[in-house]
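Pulled from Swiss-Prot:
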TOPO_DOM  1-7  topological domain 'Extracellular'
TRANSMEM  8-28  transmembrane segment
TOPO_DOM  29-964  topological domain 'Cytoplasmic'
DOMAIN    71-115  domain 'LEM'
MOD_RES   S266  phosphoserine
MOD_RES   S275  phosphoserine
REPEAT    419-448  repeat 'ANK'
MOD_RES   S503  phosphoserine
MOD_RES   S519  phosphoserine
MOD_RES   S535  phosphoserine
REGION    666-726  region 'Disordered'
COMPBIAS  666-688  compositional bias 'Polar residues'
MOD_RES   S675  phosphoserine
MOD_RES   S916  phosphoserine
REGION    920-949  region 'Disordered'
COMPBIAS  923-937  compositional bias 'Low complexity'
MOD_RES   S940  phosphoserine
Amino acid sequence: MLWQRLAVVEWAALAWELLGASVLFIAVRWLVRRLEKRPRDLNRCGTLSSPPSASEAVAAQPGEVTMDAMMARLKLLNPDDLRKEVMKAGLKCGPITSTTRFIFEKKLAQALLEQGGLLTSSLPKPSAVTAMAFIQGTSRTPPSVDGKQTQQACFSEDRDFGYSVGLNPPEEEAVASSVHPVPFSASTRNDNHKAGVTAPKEPLVYYGVCPVYEDGPVRHERIHVYEDKKEALQAAKLIKGSRFKAFRTREDAEKFARGICDYLPSPNKTTPLLSPVKAVPLGGSDGLKADGLCLAESETVNKERANSYKNPRTQDLTAKLRKAVENGEEHTFSDLIWSNPRYLIGSGDNPTIVQEGCRYNVMHVAAKENQASMCQLTLETLENPEFMRLMYPDDNMDMLQKRILYVVDLYLNTPDKVGFDTPLHFACKFGNVDVVNVLSSHPLIVKNRKNKYGKTPEEVICERSQNKSPALKERIREYLMGHYYVPLLRAEDTSPVIGELWSSDQKAEASNTAHCRSSPRDPVMTLRAFVGPLSPSKAEDFRKLWKTPPRKKAGFFHSIRKSDPERGIERVGRELAHELGYPWVEYWEFLGCFVDLSSQEGLQRLEEYLIQKELSKKAQQEIRENEGCLQDRTSDFGSGKKYSNSISVGAFLDGDDDSSLEEIKNQQNTVPSQSQPTTDKFQTSKSGSLPLGQKVDPGETSVGTYPDKGRNGFCHPLNHRTADGRGLEATNGEEALPPPVSVLTQELNKLNLQSLGDSLHETPDKNGKLEDEVLPSRKGAADSDLLASPPAIASLGKKQVRTNTEVSEAMAEMSLGPKSPQLGVQAGLEPILSSATVDSTKRLFLSGEEPSKLDRDVLAALECANIDPGLYPAIHRWKSTVMCYSPSDRQSWPSPALKGKFTTELVDLDCSHSCSGRCSPAGSSPSKPGHTSSSSGLHSPGRYSPAHGRHFQRVAHVARLAAL
């Protein structure tokens, strides 16, 4: 028991000893911390070289160190030194930023004033005042050597960097070096010591105000240089468009106010950059003497002026531009961007933001609102060099192309700020298939870019529109797979070749290599038609189907290709494409473009062409009518002989005016049997057809018997009679006609010779029937117009003088056959003749005055089209005229004369496996990229189809070079 008690006592004593030792250790540690927290004694260094402390200054001159002076002193410290002083003062220190710095400065100043201490390690030596005002980007002002002076901080009036530095802001170090420091004691001197040292009165900063000069300042114009910042601000407000800037010397401010050395050269210039700030440091003692680039004896400089377009306001971008894009207002959109290109191109050639927060540009908004036409119009405008030249008028074409590629790439592939979605993401997400078609066809589009959630455009198809059909989703996927075309090429000898698949994603090297390997003897291949855009699999299947038609229609397609070597394979491809529902276009020379005539756009173009042709024909007829009427008036004064409406027998007699009417009729009836085979050749000539069906009675014949004369556009002197029943003697006003008998004899001889040359084309039978050779389908078209004259007869009429031509026309009118409706009195066909006269001016064909194979080809292209007479009246009239002829007659129509070579866009296709050929330059292209207008429909061949392949490859080639 005793042993146990001793053990307990020992353990208790040991525990008390340990507890006492712990308490002692804690007390010592507390005392050490208290000693560390006490401010250091700054008076222990008695040497004169060490800077005096703030406590000594306070003790020597109590009440002179104020809170403002302490705050000014602390502003000269950099963030690291300020953090050290805060820690030494025993205060908690967080991150020091531009917003929190003032809080820590104020706390530290209060603590130092309470403790009577000041900064120690951060104070610079007195020699630093004359050496440099700023060290490591921050101002450190040493105290004065004079111990009787108090220490204060000196800081510039313009502490906010970048407030008034103009267009070319200087470097931060340059601005820092431009401020001359003042000793800290100079600002905190007592009134008792102000008499000792006086500060200079000269201002430290000069403010130059630069107005907007058109051709430089006038010689006697005032130069705006101010010493007060408020005055400079007031002047800048009064002078519209001006800007001001702070300078160290008055000379620099005057140069700035005159507009000298203020503009930077264009990126295409090779001259060095001229900047008054970067060329010479403003704090240097040499001023601008070190670099003479900014000095000009005449104070003028060869500078490049920027464009005069101002940045649009945010309200205009939102209320005008974005609203026009959302509503699809193309005209308003075009007016805005062409009036100020900065609506599309912002600073740094970046897309203009039309919706802040999400940072949407025009392409984002158009893709989101399903405005495919606005996307296409935006791309076409940005790729127009003339539009970019508005922004950079001094750039050459190479620089403009680089800028265009840069801006277009940003518009197509810039993600938004919220979900990192590109315009293609928006189009796929909302199921806007037309927008996907436009965007995915561009060569600069990136189709596999991922958004914030790591999804590509293909993975977000119809995420925001779940009610879309599966067929539409499949179409979007096909567009994202690529746009492929099946082209049809033709050589100069019209031999067709179905080329390899063509896509906008193909590289240009392959086509260039094939171009170099082609032989000079190979024919030049031209693009005539193409199918697409299609997916790669569909394009390959259609190419095989086009080359080898299905067995059921193989015979029919084979007969078409053999019977029509000029456009047979186009007909086969057209029918296959329409049957499968694939886009199809072919080139038509008379329209000058690639188009599908059965589409709405094709019908509209054909309607415009026919209307223009009708107007042109009517204008020519009016000109002839005016000429004839003028000649009638001039010849009316010298007329002395009588002529009937038709050529009477008086025309065959030399001056016998007393012939009776019955003799005239008898001799007139003997003429048709002699010249029947050649009469119809004169029905329609280059000068027009004659009005038929006039009465023979001279008493009833007058000018008023031609109700349709003005409408038809003909006013022939031989068909006119004066009011007294007499005809006109001469066509000129001065010379009379030669003897009519001799003239008609010469004409008959010429016609006999001409009929021998025309015997190969037409052979009339004994009865004089010309329905099968000259007038096709006359049996089923009683009210159709007369067939146009052959080219040989037309050329013959051109070579004759006007008098002979008029007599020939009169003879043709006289010598109409029995089946030709000429004598209304005898045959009783006056109503029919009037309609024939009216319809003769409505004859309308696509090429010339007579039907040709072109009419047959266009009719075949419109076979499946539903033509509404109300919407397309001209097409309806043309089709009715062509359908009056039988199919066998239409097969015999000749091909129109080709006007030169094929002028289509010659595309460099890699057709070395299927054909050998080289492509001619694109200078003779009928569908140049520059001619593409925004009004073209989305279903017409776009800028990136084979119709514009050369432009396409050029863009891809330049983009590839830019990427390198």
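Residue numbering: from 1, along the chain as shown.
For all residues, glycine too, the Cβ spot is worked out from N, Cα and C.
Recorded residues S503 (phosphoserine) and S535 (phosphoserine) have their alpha carbons 10 Å apart, per Cα-Cα distance. Confidence in the repeat 'ANK' (419-448), given as mean pLDDT, stands at 93. Across the repeat 'ANK' (419-448), DSSP assigns 15 helix, 0 strand, 15 coil. For the domain 'LEM' (71-115), the DSSP counts in helix, strand and coil order read 29 helix, 0 strand, 16 coil.
Within the same chain, the residues at least 6 positions away from S535 (phosphoserine) whose Cβ sits under 8 Å from its Cβ are E478, M481, G482, Y484, listed in sequence order.
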